[in-house]
Amino acid sequence: MSASAGTGVFMLSLMSIPICYLFNSLIYSNRYVGTGLYLLSVGRLTSTTAMYAVNAFLSVVNLIVGLEQDNIIDGFVTFYLREADPHVNTAHGHMISYWDGCVHYLMYLLMIAAITWGDSYRAIGLYWVGSFLMRAMVYILGNAVGKYGTHVGPLFILHILYISVSVWTCFRILTQPSTRDVELTEAQRTGLLHRHLDLVFIIYLIPALAFCVFRGLVVLDCSSKWCQDYTQQYEPYLKDPAAYPKVQMLVSMLYSGPYYIITLYGLLVPGCEWMPDLTLVHSGALAQAQFSHIGASLHTRTPFSYRVPVDSQPVFLLVNVLYTLVPQALCYRCCTQPAFFLKTTPEKKGE
(Lines of atoms letter the chains of each structure in order from A and count residues from 1; the text may use other names and numbers.)
(Lines give C-alpha, C1' and ligand atoms only; values in the text may rest on other atoms or scores of the structure.)
Protein backbone atom coordinates (compact mmCIF):
# COMPACT_ATOMS: atom_id res chain seq x y z
CA MET A 1 0.00 0.00 0.00
CA SER A 2 1.52 3.34 -1.06
CA ALA A 3 1.82 6.44 1.10
CA SER A 4 -0.59 8.24 -1.21
CA ALA A 5 -3.20 5.57 -0.51
CA GLY A 6 -2.79 6.07 3.23
CA THR A 7 -3.23 9.82 2.80
CA GLY A 8 -6.28 9.11 0.67
CA VAL A 9 -7.86 7.08 3.48
CA PHE A 10 -7.35 9.99 5.87
CA MET A 11 -8.92 12.43 3.43
CA LEU A 12 -11.81 10.04 2.75
CA SER A 13 -12.56 9.79 6.47
CA LEU A 14 -12.92 13.58 6.57
CA MET A 15 -15.53 13.36 3.81
CA SER A 16 -17.96 12.30 6.54
CA ILE A 17 -18.26 15.97 7.55
CA PRO A 18 -19.74 17.32 4.29
CA ILE A 19 -21.65 14.07 3.71
CA CYS A 20 -23.34 14.31 7.14
CA TYR A 21 -24.24 17.92 6.48
CA LEU A 22 -25.60 17.02 3.04
CA PHE A 23 -27.65 14.12 4.41
CA ASN A 24 -29.05 16.24 7.19
CA SER A 25 -30.02 19.02 4.75
CA LEU A 26 -31.52 16.90 2.01
CA ILE A 27 -32.43 13.84 4.15
CA TYR A 28 -33.20 11.53 1.24
CA SER A 29 -32.60 13.30 -2.06
CA ASN A 30 -29.15 12.51 -3.45
CA ARG A 31 -28.55 10.65 -0.20
CA TYR A 32 -26.41 7.93 -1.64
CA VAL A 33 -24.22 10.00 -3.94
CA GLY A 34 -21.55 10.84 -1.33
CA THR A 35 -21.63 7.37 0.15
CA GLY A 36 -21.30 5.81 -3.26
CA LEU A 37 -18.22 7.89 -4.06
CA TYR A 38 -16.70 6.98 -0.71
CA LEU A 39 -17.32 3.25 -1.13
CA LEU A 40 -16.00 3.42 -4.71
CA SER A 41 -12.74 4.90 -3.40
CA VAL A 42 -12.54 2.40 -0.55
CA GLY A 43 -13.06 -0.44 -3.00
CA ARG A 44 -9.61 0.21 -4.46
CA LEU A 45 -7.93 -0.68 -1.17
CA THR A 46 -7.13 -4.09 0.31
CA SER A 47 -9.90 -5.75 2.32
CA THR A 48 -8.29 -5.07 5.71
CA THR A 49 -7.35 -1.49 4.89
CA ALA A 50 -10.80 -0.87 3.43
CA MET A 51 -12.34 -2.02 6.70
CA TYR A 52 -10.20 0.45 8.64
CA ALA A 53 -11.07 3.17 6.14
CA VAL A 54 -14.80 2.59 6.61
CA ASN A 55 -14.36 2.49 10.40
CA ALA A 56 -12.37 5.73 10.29
CA PHE A 57 -15.18 7.32 8.29
CA LEU A 58 -17.77 6.16 10.86
CA SER A 59 -15.55 7.33 13.73
CA VAL A 60 -15.64 10.88 12.40
CA VAL A 61 -19.43 10.54 12.12
CA ASN A 62 -19.55 9.51 15.79
CA LEU A 63 -17.44 12.52 16.74
CA ILE A 64 -19.89 14.75 14.86
CA VAL A 65 -22.75 13.08 16.77
CA GLY A 66 -21.05 13.80 20.11
CA LEU A 67 -20.29 17.42 19.20
CA GLU A 68 -23.84 18.08 18.06
CA GLN A 69 -25.26 16.46 21.19
CA ASP A 70 -23.19 18.99 23.20
CA ASN A 71 -24.46 21.84 20.98
CA ILE A 72 -20.91 22.64 19.85
CA ILE A 73 -22.01 22.28 16.21
CA ASP A 74 -25.43 22.22 14.62
CA GLY A 75 -27.08 21.05 11.43
CA PHE A 76 -24.93 17.99 10.69
CA VAL A 77 -26.80 15.06 12.26
CA THR A 78 -29.91 16.75 13.68
CA PHE A 79 -32.25 14.51 11.72
CA TYR A 80 -30.36 11.41 12.83
CA LEU A 81 -30.48 12.37 16.53
CA ARG A 82 -34.22 12.93 16.30
CA GLU A 83 -35.01 9.71 14.46
CA ALA A 84 -32.32 7.40 15.83
CA ASP A 85 -32.83 4.81 18.53
CA PRO A 86 -32.93 6.49 21.99
CA HIS A 87 -29.81 4.59 23.05
CA VAL A 88 -27.71 7.10 21.11
CA ASN A 89 -28.83 9.99 23.31
CA THR A 90 -28.03 8.35 26.64
CA ALA A 91 -24.97 9.35 28.65
CA HIS A 92 -23.31 6.04 27.79
CA GLY A 93 -24.06 6.44 24.09
CA HIS A 94 -22.71 9.98 24.29
CA MET A 95 -19.40 8.84 25.80
CA ILE A 96 -18.82 6.03 23.30
CA SER A 97 -19.45 8.53 20.49
CA TYR A 98 -16.49 10.54 21.76
CA TRP A 99 -14.39 7.40 22.32
CA ASP A 100 -15.07 6.18 18.78
CA GLY A 101 -14.56 9.63 17.31
CA CYS A 102 -11.23 10.28 19.05
CA VAL A 103 -9.46 7.17 20.35
CA HIS A 104 -10.66 4.60 17.80
CA TYR A 105 -10.14 7.10 14.99
CA LEU A 106 -6.52 7.59 16.07
CA MET A 107 -6.02 3.82 16.20
CA TYR A 108 -7.39 3.40 12.67
CA LEU A 109 -5.06 6.08 11.34
CA LEU A 110 -2.07 4.49 13.12
CA MET A 111 -2.90 1.03 11.75
CA ILE A 112 -3.35 2.41 8.24
CA ALA A 113 -0.04 4.28 8.57
CA ALA A 114 1.68 1.06 9.69
CA ILE A 115 0.26 -0.82 6.70
CA THR A 116 1.40 2.04 4.43
CA TRP A 117 4.97 1.89 5.76
CA GLY A 118 5.08 -1.91 5.84
CA ASP A 119 5.32 -2.07 9.65
CA SER A 120 3.51 -4.38 12.03
CA TYR A 121 0.36 -2.98 13.58
CA ARG A 122 -0.41 -6.01 15.73
CA ALA A 123 0.12 -4.22 19.08
CA ILE A 124 -2.20 -1.35 18.19
CA GLY A 125 -4.61 -3.85 16.66
CA LEU A 126 -4.81 -5.94 19.83
CA TYR A 127 -5.46 -2.82 21.91
CA TRP A 128 -8.25 -1.90 19.50
CA VAL A 129 -9.67 -5.44 19.65
CA GLY A 130 -10.11 -5.20 23.41
CA SER A 131 -11.58 -1.71 23.22
CA PHE A 132 -13.96 -2.54 20.38
CA LEU A 133 -15.22 -5.81 21.83
CA MET A 134 -15.88 -4.23 25.24
CA ARG A 135 -17.75 -1.36 23.62
CA ALA A 136 -19.81 -3.71 21.44
CA MET A 137 -20.74 -6.16 24.21
CA VAL A 138 -21.87 -3.51 26.67
CA TYR A 139 -23.74 -1.45 24.09
CA ILE A 140 -25.64 -4.38 22.57
CA LEU A 141 -26.52 -6.07 25.86
CA GLY A 142 -27.38 -2.74 27.49
CA ASN A 143 -29.74 -1.92 24.63
CA ALA A 144 -31.39 -5.32 24.93
CA VAL A 145 -32.03 -5.41 28.69
CA GLY A 146 -32.28 -1.71 29.61
CA LYS A 147 -35.31 0.54 29.72
CA TYR A 148 -34.95 1.18 25.97
CA GLY A 149 -35.03 -2.51 25.08
CA THR A 150 -38.43 -2.13 23.38
CA HIS A 151 -37.21 0.70 21.14
CA VAL A 152 -34.86 -1.33 18.94
CA GLY A 153 -35.29 -0.19 15.34
CA PRO A 154 -33.73 -0.63 11.88
CA LEU A 155 -30.74 1.57 12.74
CA PHE A 156 -29.82 -0.78 15.57
CA ILE A 157 -29.91 -3.71 13.13
CA LEU A 158 -27.46 -1.81 10.90
CA HIS A 159 -25.29 -1.27 13.94
CA ILE A 160 -25.24 -5.04 14.54
CA LEU A 161 -24.15 -5.54 10.92
CA TYR A 162 -21.31 -3.06 11.38
CA ILE A 163 -20.19 -4.86 14.54
CA SER A 164 -20.34 -8.25 12.81
CA VAL A 165 -18.04 -7.06 10.02
CA SER A 166 -15.68 -5.48 12.55
CA VAL A 167 -15.46 -8.77 14.45
CA TRP A 168 -14.02 -10.28 11.25
CA THR A 169 -11.29 -7.63 11.43
CA CYS A 170 -10.64 -8.61 15.06
CA PHE A 171 -9.98 -12.19 13.99
CA ARG A 172 -7.62 -10.98 11.26
CA ILE A 173 -5.58 -9.14 13.87
CA LEU A 174 -5.60 -12.02 16.35
CA THR A 175 -4.27 -14.43 13.73
CA GLN A 176 -1.31 -12.21 12.80
CA PRO A 177 2.04 -13.72 13.79
CA SER A 178 3.96 -11.96 16.52
CA THR A 179 7.04 -10.06 15.36
CA ARG A 180 8.56 -9.90 18.83
CA ASP A 181 12.26 -10.75 18.74
CA VAL A 182 13.95 -10.40 22.11
CA GLU A 183 17.11 -12.01 23.35
CA LEU A 184 16.80 -14.07 26.51
CA THR A 185 18.30 -12.28 29.52
CA GLU A 186 18.80 -12.85 33.22
CA ALA A 187 15.19 -11.74 33.72
CA GLN A 188 14.13 -15.38 33.47
CA ARG A 189 16.13 -16.24 36.58
CA THR A 190 15.41 -13.10 38.60
CA GLY A 191 13.31 -13.71 41.69
CA LEU A 192 10.15 -11.77 42.37
CA LEU A 193 11.66 -9.88 45.30
CA HIS A 194 14.27 -8.46 42.93
CA ARG A 195 11.66 -7.46 40.34
CA HIS A 196 10.27 -4.56 42.31
CA LEU A 197 7.95 -3.25 39.61
CA ASP A 198 6.39 -6.69 39.10
CA LEU A 199 5.94 -6.96 42.85
CA VAL A 200 4.02 -3.68 42.84
CA PHE A 201 1.78 -4.96 40.06
CA ILE A 202 1.10 -8.19 41.95
CA ILE A 203 0.16 -6.23 45.06
CA TYR A 204 -2.17 -4.10 42.90
CA LEU A 205 -3.86 -7.07 41.19
CA ILE A 206 -5.30 -8.44 44.43
CA PRO A 207 -7.39 -5.36 45.40
CA ALA A 208 -8.23 -4.82 41.71
CA LEU A 209 -9.70 -8.32 41.59
CA ALA A 210 -11.68 -7.63 44.75
CA PHE A 211 -12.90 -4.29 43.38
CA CYS A 212 -14.24 -5.69 40.10
CA VAL A 213 -15.97 -8.56 41.93
CA PHE A 214 -17.39 -6.13 44.49
CA ARG A 215 -18.94 -3.90 41.81
CA GLY A 216 -20.31 -6.98 40.11
CA LEU A 217 -22.05 -7.94 43.36
CA VAL A 218 -23.39 -4.40 43.72
CA VAL A 219 -25.21 -4.51 40.37
CA LEU A 220 -26.52 -7.97 41.25
CA ASP A 221 -28.36 -6.31 44.17
CA CYS A 222 -26.25 -7.79 46.93
CA SER A 223 -27.96 -7.09 50.26
CA SER A 224 -24.69 -6.38 52.08
CA LYS A 225 -24.59 -3.02 53.84
CA TRP A 226 -21.21 -2.29 52.22
CA CYS A 227 -22.73 -2.68 48.75
CA GLN A 228 -25.72 -0.50 49.57
CA ASP A 229 -23.60 2.22 51.17
CA TYR A 230 -21.18 2.21 48.24
CA THR A 231 -24.01 2.60 45.76
CA GLN A 232 -25.60 5.49 47.64
CA GLN A 233 -22.42 7.38 48.48
CA TYR A 234 -20.01 6.79 45.59
CA GLU A 235 -21.54 5.21 42.47
CA PRO A 236 -25.34 5.56 42.29
CA TYR A 237 -24.93 5.33 38.50
CA LEU A 238 -24.62 1.56 38.95
CA LYS A 239 -28.39 1.53 39.53
CA ASP A 240 -29.23 3.53 36.39
CA PRO A 241 -32.24 1.84 34.68
CA ALA A 242 -30.52 2.32 31.31
CA ALA A 243 -28.64 -0.89 32.33
CA TYR A 244 -25.33 0.03 30.70
CA PRO A 245 -23.47 0.28 34.04
CA LYS A 246 -24.99 -3.00 35.22
CA VAL A 247 -23.91 -4.81 32.06
CA GLN A 248 -20.52 -3.07 32.23
CA MET A 249 -19.83 -4.31 35.75
CA LEU A 250 -20.99 -7.85 34.99
CA VAL A 251 -18.82 -8.05 31.87
CA SER A 252 -15.88 -6.64 33.84
CA MET A 253 -16.38 -9.14 36.65
CA LEU A 254 -16.55 -12.08 34.26
CA TYR A 255 -13.71 -10.81 32.06
CA SER A 256 -11.36 -8.80 34.29
CA GLY A 257 -11.73 -11.14 37.27
CA PRO A 258 -10.22 -14.18 35.56
CA TYR A 259 -7.71 -11.90 33.82
CA TYR A 260 -6.30 -10.71 37.14
CA ILE A 261 -5.87 -14.29 38.34
CA ILE A 262 -4.17 -15.33 35.09
CA THR A 263 -1.94 -12.27 35.20
CA LEU A 264 -0.84 -13.11 38.73
CA TYR A 265 0.30 -16.48 37.42
CA GLY A 266 2.04 -14.87 34.45
CA LEU A 267 4.02 -12.50 36.67
CA LEU A 268 5.09 -15.30 39.01
CA VAL A 269 5.97 -18.02 36.49
CA PRO A 270 8.47 -17.25 33.68
CA GLY A 271 7.81 -18.26 30.10
CA CYS A 272 4.18 -17.16 29.70
CA GLU A 273 4.50 -15.87 26.15
CA TRP A 274 0.85 -14.89 25.96
CA MET A 275 1.19 -12.21 28.65
CA PRO A 276 2.04 -9.18 26.42
CA ASP A 277 -0.84 -9.92 24.03
CA LEU A 278 -3.29 -10.54 26.86
CA THR A 279 -2.39 -7.29 28.61
CA LEU A 280 -2.83 -5.38 25.35
CA VAL A 281 -6.35 -6.70 24.83
CA HIS A 282 -7.36 -6.18 28.45
CA SER A 283 -5.90 -2.68 28.78
CA GLY A 284 -7.76 -1.60 25.65
CA ALA A 285 -11.01 -3.04 26.98
CA LEU A 286 -10.56 -1.50 30.42
CA ALA A 287 -9.64 1.93 29.04
CA GLN A 288 -12.83 2.03 26.96
CA ALA A 289 -14.97 0.71 29.79
CA GLN A 290 -13.65 3.14 32.38
CA PHE A 291 -13.82 6.14 30.07
CA SER A 292 -17.48 5.43 29.36
CA HIS A 293 -18.28 4.63 32.99
CA ILE A 294 -16.53 7.65 34.53
CA GLY A 295 -17.90 10.03 31.92
CA ALA A 296 -21.47 8.74 32.13
CA SER A 297 -21.39 8.76 35.95
CA LEU A 298 -20.75 12.51 35.88
CA HIS A 299 -22.60 13.49 32.70
CA THR A 300 -25.65 15.76 32.77
CA ARG A 301 -27.53 13.30 30.55
CA THR A 302 -27.56 10.92 33.51
CA PRO A 303 -30.48 11.70 35.86
CA PHE A 304 -29.32 13.72 38.84
CA SER A 305 -30.22 10.99 41.34
CA TYR A 306 -27.83 8.57 39.60
CA ARG A 307 -24.86 10.93 39.28
CA VAL A 308 -21.89 10.79 41.63
CA PRO A 309 -22.50 13.12 44.62
CA VAL A 310 -20.27 16.19 44.58
CA ASP A 311 -18.70 15.35 47.95
CA SER A 312 -17.76 11.87 46.74
CA GLN A 313 -16.30 12.85 43.37
CA PRO A 314 -12.64 13.09 44.52
CA VAL A 315 -12.71 9.55 45.94
CA PHE A 316 -14.66 8.26 42.94
CA LEU A 317 -12.17 9.77 40.49
CA LEU A 318 -9.11 8.65 42.44
CA VAL A 319 -10.23 5.02 42.65
CA ASN A 320 -11.46 4.77 39.08
CA VAL A 321 -8.50 6.59 37.52
CA LEU A 322 -6.03 4.35 39.37
CA TYR A 323 -8.09 1.32 38.34
CA THR A 324 -7.71 2.52 34.74
CA LEU A 325 -4.07 3.63 34.62
CA VAL A 326 -2.26 0.84 36.48
CA PRO A 327 -3.27 -1.85 33.91
CA GLN A 328 -1.97 0.48 31.18
CA ALA A 329 1.37 0.65 32.99
CA LEU A 330 1.38 -3.15 33.34
CA CYS A 331 0.70 -3.49 29.62
CA TYR A 332 3.59 -1.11 28.86
CA ARG A 333 5.92 -3.15 31.08
CA CYS A 334 4.96 -6.45 29.45
CA CYS A 335 5.29 -5.13 25.89
CA THR A 336 8.55 -3.17 26.30
CA GLN A 337 10.34 -5.69 28.53
CA PRO A 338 9.00 -9.10 27.48
CA ALA A 339 12.15 -11.13 28.24
CA PHE A 340 10.66 -12.66 31.40
CA PHE A 341 7.75 -14.04 29.37
CA LEU A 342 9.89 -15.80 26.76
CA LYS A 343 10.21 -19.55 26.81
CA THR A 344 13.68 -20.99 27.17
CA THR A 345 14.67 -23.05 24.11
CA PRO A 346 17.67 -25.37 23.64
CA GLU A 347 18.85 -23.29 20.65
CA LYS A 348 19.05 -20.12 22.71
CA LYS A 349 20.88 -21.96 25.50
CA GLY A 350 23.43 -23.22 23.02
CA GLU A 351 24.07 -19.74 21.69
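Glycine is treated like the rest: Cβ placed from N, Cα and C.
Curation does not apply to TrEMBL; its annotations are automatic.
Model, not experiment: these values are computed from the prediction.
Copied over from TrEMBL:
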TRANSMEM  6-28  transmembrane segment
TRANSMEM  96-117  transmembrane segment
TRANSMEM  124-142  transmembrane segment
TRANSMEM  154-175  transmembrane segment
TRANSMEM  196-218  transmembrane segment
DOMAIN    197-331  domain 'EXPERA'
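Taking DSSP states H, G and I as helix and E and B as strand, the domain 'EXPERA' (197-331) has 110 helix, 0 strand, 25 coil. Nonlocal intrachain contacts for the transmembrane segment (124-142), taken as residues 6+ away from its ends with a CB within less than 8 angstroms of a stretch CB, comprise 87, 92-93, 96, 99-100, 103-104, 107-108, 110-111, 114, 160, 163, 166-167, 170, 173-174, 176, 242-244, 246-248, 251, 255, 277, 280-289, 292.
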